[in-house]
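Student: Provided herewith is a single structure, encoded as structure tokens, for subsequent inquiry.
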Amino acid sequence: MSKRPLRWLTEQITLAGMRPPISPQLLINRPAMQPVDLTGKRILLTGASSGIGAAATKQFGLHRAVVVAVARRKDLLDAVADRITGDGGTAMSLPCDLSDMEAIDALVEDVEKRIGGIDILINNAGRSIRRPLAESLERWHDVERTMVLNYYAPLRLIRGLAPGMLERGDGHIINVATWGVLSEASPLFSVYNASKAALSAVSRIIETEWGSQGVHSTTLYYPLVATPMIAPTKAYDGLPALTAAEAAEWMVTAARTRPVRIAPRVAVAVNALDSIGPRWVNALMQRRNEQLNP
């Protein structure tokens with residue numbers, strides 16, 4: 001053990017809080033009583049070229065799903081698809097700039113022509129901004145770009161692919177959010193959390209409006225995950241984080257069991273506390289911010 005025992009124990013406790021309850025289906029709507037067989041399921045996953053997305057494509061490939069990998073960089077996407085097909089799976093790489101709504105429409109049309117639609121849509125691509133609110137408001141272009149990628153792009157994909165799911169009477173939309181949405185008070189993430197909160201709201205409404213027609217939704221409230229997206233932020237260096245492979249397992253669990261949400265234990269606890277004592281949560285978040293950003 002290279003780390004000091006106390007530090008190692010502290011990190012393990014922190015990571016335990018980042019993981020979801022053992023049974024994410026407990027006490028929540030469960031439309032799929034038996035795990036869904038992913039064999040042959042057409043899964044479109046955005047942000048598939050690296051991080052959680054790349055790890056998830058590999059796992060879905062092992063489940064014999066038809067993986068449609070989407071991201072901007074064709075070279076990385078091709079490598080992802082080649083790894084899946086090399087293991088005997090089925091995959092295709094479709095480069096797309098998700099900040100371009102017309103490009104998304106063209107992607108949907110291409111997918112419909114190639115394989116006849118999508119059974120499971122996973123809106124994983126995202127842009128994170130860690131910045132004080134006042135600074136974010138001074139850089140309005142970053143606000144707009146974050147909303148476009150984190151909210152408008154997923155909505156546009158849903159707009160294009162959901163009609164086919166509804167027509168077939170079966171479909172699943174998995175939306176990636178962040179644990180900060182559940183506390184509503186995470187400092188330095190005003191723009192990022194707002195974009196993910198908007199997506200989270202739509203995700204829940206999908207279930208209430210379309211669930212009876214066979215189209216379900218799941219929201220994944222990820223904690224800190226060790227991916228290229230957080231690498232530039234020095235404040236995260238050395239902090240406990242899930243691995244991309246662990247985070248990818250959440251996606252597979254969601255696809256197979258269709259829970260309403262999967263969230264870290266600590267985020268669920270803070271969300272419950274927020275409902276009865278929001279000022280306590282505000283004070284907790286403020287103190288945490290002062291500790292991390294003295």
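Start at 1 and count along the chain as shown; that gives each residue its number.
Using N, Cα and C of the backbone, Cβ positions are placed for all residues, glycine too.
As annotated by Swiss-Prot, NADP(+) binding site applies to S49, S50, I52, R72, D97, L98, N124, Y192, K196, V225, T227. For Y192, the entry in Swiss-Prot reads active site, proton acceptor.
For each listed feature, how buried is it and what is near it?
Tutor: Listed in sequence order, the residues of the same chain lying 6 or more apart from K196 (NADP(+) binding site) and placing their CB within less than 8 Å of its CB are G126, N150, Y151, V176, A177, T178, G180, V181. K196 (NADP(+) binding site) falls within a helix when secondary structure is assigned with DSSP.
Non-local neighbourhood of Y192 (active site, proton acceptor): R127, S128, I129, R130, T146, N150, T178, G180, each in the same chain, at least six residues away, with C-beta under 8 Å from its C-beta.
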Student: Look up N124 (NADP(+) binding site) in the DSSP assignment and report helix, strand or coil.
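Tutor: It is coil.
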Student: Could you list the residues of the same chain, at least six apart in sequence, whose Cβ is under 8 A from the Cβ of N124 (NADP(+) binding site)?
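Tutor: Spatial neighbours, sequence-distant, of N124 (NADP(+) binding site): L45, T46, G47, A48, I52, G53, A56, V176, M251.
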